[in-house]
Amino acid sequence: MHIIKNDKLLIWFSYIVIVLFSLVCLIPFIMVVSASLSNDQEVALHGFSLIPRNITFYTYEFLFASKGALLLKAYGITIFTVVVGTLFSLAVTVSYAYVAANSDLKYASVLSFVAWFTMVFSGGLLPWYILTTKYYSLHNNLWALFIPYAINVFNMFLMRNFFKGIPKELSESAKIDGAGHFRIYFSIMIPLAQVGIVTIALFYALSYWNDFFLSLMLITDRNLYPVQLLLYNMMSNISYLTSGGGGADAYAQGMSQVIVPTMTARMALTCITIGPVILVYPFAQRFFVKGITIGAVKG
C-alpha cells in the first residue's frame, strides 16, 4: 500500500516538474510572438507581455515589403542547404559508420580512432579557414554551406551503435550466399537501420537550418545569405532594414512617413526563422526520442 502511494506521489511530482519546465521553455516563445504582434511604441513603454496589447501586423508587413525579396531568396538558399546538406551528410556518415562498425574490415578500429580524435582535438579556426577557402575554394558558393559539415562524429558513433546492434548472423548468412559488402550494406544494413538514419537526418537538418557560422565565415555575397545570416545582420544592425535592396526604396517612396520597428522587428524575425522548425518538430519528436534511446544502449 505504501509502495503504491509513494509511486503515485512520484508520478504527480514528475508531472508537476515537467509542467513547470515546459512553462519555462514556452513562456519566452509566447512573449516573442506577442511582441512581434505588438506596436513598437507599446513594447518600448510597457515592456514585453504574454498577451499583445494592440495586435498589429505592421512589423511583418514592413519586413516583407522592405526585405521580402531577400527573405524569400534566403529561405530558398536555406532549404537547399538543408535538403542537399542532409542527404550529403547522411551518405558520408552512414557509410563511415558501417565501416567503423564492421570489425571484419582491416582499418575499422583505425577509422573509429580517427573520428574520436577529431572530437577531442581541433586544428584551430585559422588553419581551418585557410584550408577551406584557399585550398578547397569554399568561398561565396553554396557548397560552402554544407561540405565543411559533411560528417558529425557524434552522429557517426550513433549510427555505428545501430549497426553493431544488428545481429552478425544476418551478414554472415548473406556472405555465405555470395553477397559482398555493398550488397549487405544496401540490402540488409540500411533497411534495418532506418530509425537511426531518420534520427541523424533530423539532427543534420536541424543543425543546417540553425547554423550561421559557415555563412558568417565563408559567405560575403548578400545574394547567398541564408536565413540565419540575414537574421543576424538585421538583428545586430537594425538600420540594415532600411538599407538599399530587397524593395526598401520602393517601399519608402510609397509611404509619406515610414516608421521603422526596432524591438518588434527582431521578435518578428525570430518567429519567421524558428516557425518551420516548430511546425515540423511535433511530427519528428518520436524519432529523436527513439533514436537516442536505441543508439545509447547499444555498444
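Keep in mind that glycine also has a Cβ here, set from the backbone N, Cα and C atoms.
Unlike curated entries, TrEMBL annotations are predicted automatically.
Residues annotated as domain 'ABC transmembrane type-1' in TrEMBL: 75-268. The feature transmembrane segment is assigned by TrEMBL to 12-37, 74-98, 110-130, 142-163, 184-209, 264-284.
The transmembrane segment (184-209) makes contact with the transmembrane segment (74-98), as judged by at least three Cβ pairs under 8 Å among residues 6 or more apart in sequence. Across 74-98, 110-130, 142-163, 264-284, stretch 264-284 shows the highest tally of CB pairs under 8 A with the transmembrane segment (12-37).
With Cβ pairs under 8 Å as the measure, the transmembrane segment (74-98) is packed most heavily against 142-163, out of 110-130, 142-163, 264-284.
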